[in-house]
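Let me begin by presenting the structure, written as structure tokens, before commenting on it.
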């Protein structure tokens, strides 16, 4: 049976383009197009769509307010349609917090041509989002108790990779890490501009100092670096330190940044000093790199199916034998810290 889709967007052009894109796929069935939240509400009651594409910025009732009401009254998988602006990226991150599963960024210029170029991605994301497991909105995790022996060390590195559903999963893991945590490197599939807003949001919410990575940044205790959109992030050893290197080489597994690029570079230079987790996401990116880390002596884990929004990347890792542990999201931070303590303190600062 085809997946039923409702399009909610105030732009007649976007509605028309999405209609054309959706109707070109026999696995998708368009049940309606709404110019605002009020028309959408009536269509949802009438058709109970499997997935909704929702514009962030709309008149009468903005997309975030509507999303908040929808998730409380009738939780439904939602794909956000966002503008590639700083305001748009902030709103999109808030939408993911409120329960949206994923997003597509509208091109800045040439919307008709740009949307058609993304047609396959839009159709694929609608199908993935429709099948996604909706997570109940949870309160922020309590701060972990401070350890008597701080984990300040330039040796240990926590590496995290994620895709669909990853912004909230990564937030939960980082909320579970103390200010004296080993340095953290993160690759989350996300376009340019969004990664900076994502890093700034994590910096405000967690006890770590979080920033978008710049080429040559050192990996330091209590700091987390997020791979910038459209750049691969590798890690290299530099004397007693680890530094990140950015490049714009070809996409890997259809992504730039790719988790495999980060994980495989870490396997080469850090080995036993690594604590790596592969979180929720579609596809297989990161599984091969996680296996390389395990083979190099690092600790590896994958998020379990029950707590993943999309159990794709972690499933691939488990099937490859790459994950030493398979854990629910709420236990991942504690497991990483426990393994860091077991593996010794390294070079204390």
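Backbone N, Cα and C define each Cβ position, glycine as well.
Long-range C-beta contacts of residue 163 (active site), restricted to its own chain and to partners at least six residues apart, with a cutoff below 8 Å, comprise 188, 189, 255, 259, 280, 281, 282, 283, 285, 310, 312, 313. Residues annotated as active site in Swiss-Prot, with sequence analysis given as evidence: 163 (among others).
Under the three-state DSSP scheme, residue 189 (active site) falls in the coil class. The active site annotation in Swiss-Prot covers 189 (among others).
The annotation active site is assigned in Swiss-Prot to 285 (among others) on the grounds of sequence analysis. In this structure, residue 285 (active site) belongs to neither helix nor strand by DSSP; it is coil.
Look at the domain 'Response regulatory' (4-121): DSSP puts its residues at 57 helix, 28 strand, 33 coil. Summarising the annotation, Swiss-Prot assigns domain 'Response regulatory' to 4-121.
Taken from Swiss-Prot, the feature domain 'CheB-type methylesterase' covers 151-343.
As annotated by Swiss-Prot, 4-aspartylphosphate applies to 55. Around residue 55 (4-aspartylphosphate), a 10 Å sphere centred on its CB holds 25 further CB atoms from the protein chains shown.
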C-beta crowding around residue 285 (active site), within 10 angstroms: 28
